[in-house]
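The following features are taken from TrEMBL:
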type	residues	note
BINDING	Leu105, Thr106, Phe133, Pro134, Ser135, Asp136, Asp218, His221, Tyr243, Trp273, Asn301	pyridoxal 5'-phosphate binding site
MOD_RES	Lys244	N6-(pyridoxal phosphate)lysine
Amino acid sequence: MTDITAPQHALALDAADPLSRLRDEFLIPAHDGADQAYFCGNSLGLQPRGARAHVEEVLDKWAAEAVEGHFTGSAQWMPYHELVREPLARVVGAQASEVVAMNTLTVNLHLMMVSFYRPTRERPAILIEAGAFPSDRHAVASQVAFHGFDPATDLIELEADEPNGTISMAALERAIAQHGPRLALVLWPGVQYRTGQAFDLKEVARLTHAAGAVAGFDLAHGVGNLELGLHDANADFAVWCHYKYMNSGPGAVAGCFVHERHASTERPRFAGWWGHEVTTRFRMGPQFSPTPGAEGWQLSNPPILGLAPLRASLELFDRVGLPALRERSRRLTGYLEQLIDARLHNVLHVVTPREPGRRGCQLSLRVHGGREHGRALFEHLAAHGVLGDWREPDVIRISPAPLYNSFGDILRFAQTVEAWRDGR
Ligand SMILES: *Cc1c(COP(=O)(O)O)cnc(C)c1O
């Protein structure tokens, strides 16, 4: 029988997978002279080695050409956002005209709600998951209030119905059936940040549309993690950030999807000059005529320095392709789960769904014995170069990122937890 906890086993798994070499494309923080075991890609992904060259290219162009940099050479700034459009569309499973890189996640969420959350007296409500990421909750509550409605009644938060705090599709279906006639918008996560639960976007959109509401998605934890198939899922809109699994740096320019069927929409929007028809933008006329597609929601000329690292990241996603990456991800996270079941079940409880189809790379792990115990383990891990992240009151999130984490990293996590348990 294979001993899955043997170092040779992890080494063999790493050696057998050609995608293991992608790790060399990243700068891995050091701990005591060796690589850290970094499991925080759900918070800030690591720096691709190629990022610096793209940033320096912009700085050099600025130094040498100044304003001319908008119009000269390759990677000129005027159409710079177009450089990321097609690779980004491939990552999220969309058509190129359906995606744009702009702003930051919460800003995009607000801009999308300006167009797609159009409450009426009969239909004022937004449905989200209870315990949503605070920024999303603030955004939807403030939109409800902005339109003169009351978040206390018109922001509906669906409570978890499964033992670990996850939400069954049946519960979502019941909620949509119950509130359907009052629902204007369902804003749903691709992957819930706290539990790591992944949802079937197509099914969420189908149920939402059947109730006559708009289906919007927050894919902060889904993008670069799962195959999203946004176009086929029939999402109306989606937003995401690029600093988590997309490895594009702190505060990176975010992403936004608007389904093709809304490309030439008459819906109201907040407009800015960069969303105006490309061909006539520089006539500087007073009338706004939007560019068809997601780019029509742009406000400003984009922060080129903020977009530059995204190019490096997308080159890596294009090199591998999401299906192969996802396959590796399933095996990495599956190995983590196996090790916990075999050796650590008296320390850690897996909160994330056990079915690989209902999760991405992240496992949320509740530490038995309460908060102080959990904090002690978390700090022990960090002190030994194993970095996860902490969610109050007692959860450690471990997210093996298939682009740079190894089977060896995962074994090291398990060994470090074991040493802490046995040393107490
Ligand atoms: C990371 C994250 C955010 C962060 O929003 P920013 O506008 O990028 O600061 C918002 N929502 C969710 C669900 C997230 O995971």
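Cβ atoms are placed via backbone N, Cα and C, with glycine included.
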Candidates Leu105, Ser135, Asn301 (binding-site residues) - the one closest to Lys244 (N6-(pyridoxal phosphate)lysine) by CA: Leu105
Annotated binding-site residues Leu105, Ser135, Tyr243, Asn301, filtered by Cβ under 6 Å to ligand 1: Leu105, Ser135
Where the record names Leu105, Thr106, Phe133, Pro134, Ser135, Asp136, Asp218, His221, Tyr243, Trp273, Asn301 as binding pyridoxal 5'-phosphate, the maximum Cα to Cα distance in Å: 31
Lowest local Cβ density among Phe133, Tyr243, which the record lists as binding-site residues, within 10 Å: Phe133
Cβ-Cβ neighbours of Lys244 (N6-(pyridoxal phosphate)lysine) (radius 10 Å): 27
Reduced DSSP assignment, Asn301 (pyridoxal 5'-phosphate binding site): coil
Neighbour count (Cβ, 10 Å) for Ser135 (pyridoxal 5'-phosphate binding site): 14
Three-class DSSP secondary structure - Phe133 (pyridoxal 5'-phosphate binding site): coil
Cβ contacts of Asp218 (pyridoxal 5'-phosphate binding site) (under 8 Å, same chain, 6 or more positions away): Leu105, Leu109, Phe133, Asp136, Leu187, Trp188, Pro189, Gly190, Ala238, Val239, Trp240
DSSP-derived structure type at Leu105 (pyridoxal 5'-phosphate binding site), helix or strand or else coil: helix
